[in-house]
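See below for the structure under consideration.
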Amino acid sequence: MLQVQDLTTSYGPVKALDGVSFEAPRGKITAVLGANGAGKTTLLRTVSGLIRPARGAAYLEGADLTRTPAEAMPGLGLSHVPEGRGVITELTVEENLRLGGLARADRSRPADLERVYTLFPVLSDRRRALAHVLSGGERQMLVIGRALMATPKVLLLDEPSLGLAPRIVAQIFDLLRGLVESDGLTVVLVEQNARSALSIADFGVVLNLGRLIVHDDAATLAADEKLRHAYLGF
Amino acid sequence: MQQFLTTALTGLTLGMVYAAFALALVLIWRSTRIVNFAQAPMAMITTYVALVVIDAGYSYWIGFAVALVAGLVLGAVVERVVVRPVEGKSEINAVILTLGLFIVIHALAAVIFGSRYRSFPAPFGLRGFQVGDLNLAITGFGIFTIVAVLVVMALLVALFRLTDLGLMMRASAFNAEVARLLGVKVGRMLTLGWALAALVGSLAGLLIAGGSLVHPSYMDSVVVYGFVAAVLGGLDSPAGAVVGGLLLGVSLSFVSGYVGSELVALAALVILMLVLLLRPGGLFSHAAERRV
């Protein structure tokens, strides 16, 4: 579904991403793991067109994403939820959601809003409230809901568990799993929290200092004690 | 009583114009963190455009409409041609460019239109109304000024609050990267923001010019008052800019009426200093922060 080929991104002389290739298959969750500075966020930012790569490409159904401006991504079926959640706190909950649906040709239909509200009843209670008042978990639900408004084929999620209580993380991951199974959504999940991520992912990619170390089944990675100690911290 | 009413009404009318001008500054500031110093000469040049149209024999209203459209176009052109090339670099670059533009437009106006004073017509009477034995200082043109600014503000609020386009503009202003990832063409929103700001600035220019004299630097003091009004309101808040403009207009009118008109500019600077010392975030830094 999403093919990353030989992707290399440099910040000046530093290669943040060095020749990374893998494929995230359709209807599966691929977890991208690794320590701080491994290049996980850079990978997502390069795939979604926020940074130009020095070399390589990323393909979604044949279209090269790295040669496409970021604002064209939702139209191609890719939604990127950036690190730090990306809630626009000055807008209301419903305005954030509506914004997510605007990129589509048919614009956001009320039915989609209702679907997101059904998925996340907490948001439904706060439609008119400024997103500013939401808790961390609610913000994460809001940005996932907002990304779903564009009915993406591929969802890139950057550290959704960051700063959230384990119970909330479990809730959000369950919901993601459900979406993948019901809608056939393809998810690329960047996580520091490798243990939780591998528990819901189908596949895992481990990065270290910009290079791909291993790409395998999530269960295989979770069972590899050496790898866990060396790169995953559990 | 007579003097009090006169002073208050004059202040209200003037305040509306400051509010419009402050709003023009705020619209640009909150989406780009640039104080557009060229706002005054941009408004000045569009007023001259109106004057040319009116002098050519067309009605005041045609001149008025042409000037507003000219403002819209000029704002878009300035963003595309002058500001866009330094986008992404330090904001100070763009601010210095707007200062340069200030000088360039001034010089151009003097070359094209001459630097002598020219009178600018008003579409309504300039004499006050008589109510009983009170002679109200509010003129037909004063009422038009207030109504025109209110209408433009209501239209802006409707645009920002009720339309998808307004939602995309606000999203671009608050968080450009997230807006871009959601498919908003942020560059276009910025251009539109500059265009709308210049239109509001042009409106202020036309309203100040009405029934008065224009000159290449007739707007220059307004940029100071507009800036003070914008800072009063917190620079980030369009609603704050409007309240700031009204407060400033009324305060300065009272200074002029009761203390001495020579102290008006000084009073504006004292107000600016007090705000920066006591409430640097503006009068509404908590209550109305970043609301449209």
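Cβ from N, Cα, C; glycine included.
Now, the feature entries from TrEMBL:
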TRANSMEM  B:6-27  transmembrane segment
TRANSMEM  B:34-54  transmembrane segment
TRANSMEM  B:60-82  transmembrane segment
TRANSMEM  B:94-114  transmembrane segment
TRANSMEM  B:134-160  transmembrane segment
TRANSMEM  B:190-210  transmembrane segment
TRANSMEM  B:222-248  transmembrane segment
TRANSMEM  B:255-278  transmembrane segment
Contact between the transmembrane segment (B:60-82) and the transmembrane segment (B:255-278) (at least 3 Cβ pairs under 8 Å, separation 6+): no
Feature contact check the transmembrane segment (B:222-248) with the transmembrane segment (B:34-54), CB under 8 Å, 3 or more pairs: yes
Stretch of maximal Cβ-Cβ contact with the transmembrane segment (B:190-210) [cut-off: under 8 Å; candidates B:6-27, B:94-114, B:134-160]: B:6-27
Same-chain residues near the transmembrane segment (B:6-27), Cβ under 8 Å, at least 6 residues beyond its ends: 35-36, 39, 43, 135-138, 142, 145-146, 149-150, 152-153, 156, 193, 196-198, 200-201, 203-204, 207-208, 222-223, 225-227, 229-230, 233, 235-238, 240-254, 256-258
Residues from the same chain, set at least six apart from the ends of the transmembrane segment (B:94-114), whose C-beta lies under 8 A from its own: 32, 34-42, 44-45, 48, 51-52, 78, 82-83, 86-87, 216-217
